[in-house]
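Colleague: Marked as active site, proton acceptor by TrEMBL: His168. Residues or ranges marked as Zn(2+) binding site in TrEMBL: Cys176, Cys179, Cys201, Cys204. Taken from TrEMBL, the feature domain 'Deacetylase sirtuin-type' covers 42-299.
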Amino acid sequence: MGGRDGRAAGLFAIVRTGLRKRQTARHRPTTQIPWLAPVLLRTLGPMTGTDEAPDQPPRRPLVAILTGAGISTDSGIPDYRGPNGLWRRDPEAEKLVTYDAYMSDPEIRRRSWRMRQESPAFRARPNAGHEAVARLERSGTPVRVITQNVDGLHQLAGVPARKVLELHGTVRAVVCTRCHARSSMEEALARVTAGEPDPACLVCGGILKSATVMFGERLDPQVLGTALGVAKAAEVFLAVGSTLQVQPAASLAGVAADHGARLIIVNAEPTPYDARADEVIREPIGTALPKLLEGLAAGI
């Protein structure tokens, strides 16, 4: 399909046929997310931060957008597993975000705080991809963003916080591992700059960590349960800048397809879900996503 008009027409067809696909999807086997079933029994009800419950389709099709590290690389934030990704450049860096190592080794914590001081996330600004998502939301299209990123750039671009599900938490806050008091990362980094290499909780003296999900920690079950509800309710599900390899987040693409959503993948490299997608786009996100979402808004 070539050209802007052709893509818009194709997206219009995707939306128009979504309901028919949803009706047949109930007969398909469902994608399973390990360990989550008992959690969902407790958390799945009306979707937190949404206007529509999963069993009550919105008047306009719900668009769910799952974003991974690839959407933020144009903002100067490196991905993790790409050719120039953090884990490839410095395999030891993974220890800095591994919960057991962080909790047991003061030197790991000190290195982690230095890494946070140097993090490009605090200097980064939203790029064309983030802004395109925000424009789609402002257009009146029911949009829910499910992000694997911790940079907060969707909110900075203008997507209301209640419409963003941060599966892996946020680097813009810190939390005490003992009393769970929460405060801003800016305040914690100011203490590091002032001479505290490993600042402790001001409430109880416990160990502070970024409010992100480290290796060895589970995702917040309520956030994940809400994301699953969004995936089940979506008419269109976009996976943008994600390798779709990290579970359980990657399984959301399969869940959405199982429940009849039209699956669109925008990523530089192949993903395990490409064969299930209705459309796979290999163009750079900064140019492809604005065109894609403009066409999608026009077709709804």
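Backbone N, Cα and C define each Cβ position, glycine as well.
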Colleague: Cβ within 8 Å of the Zn(2+) site centroid (Cys176, Cys179, Cys201, Cys204 excluded): which residues?
Modeller: Thr177, Arg178, His180, Ala181, Ala200, Leu202, Val203, Gly205, Gly206, Leu208
Colleague: For Cys176 (Zn(2+) binding site), just give me the three-state DSSP call.
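Modeller: In the DSSP reduction, Cys176 (Zn(2+) binding site) maps to strand.
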Colleague: Cys204 (Zn(2+) binding site) to His168 (active site, proton acceptor): how many Å between their Cα atoms?
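Modeller: Cα to Cα, Cys204 (Zn(2+) binding site) and His168 (active site, proton acceptor) are separated by 25 Å.
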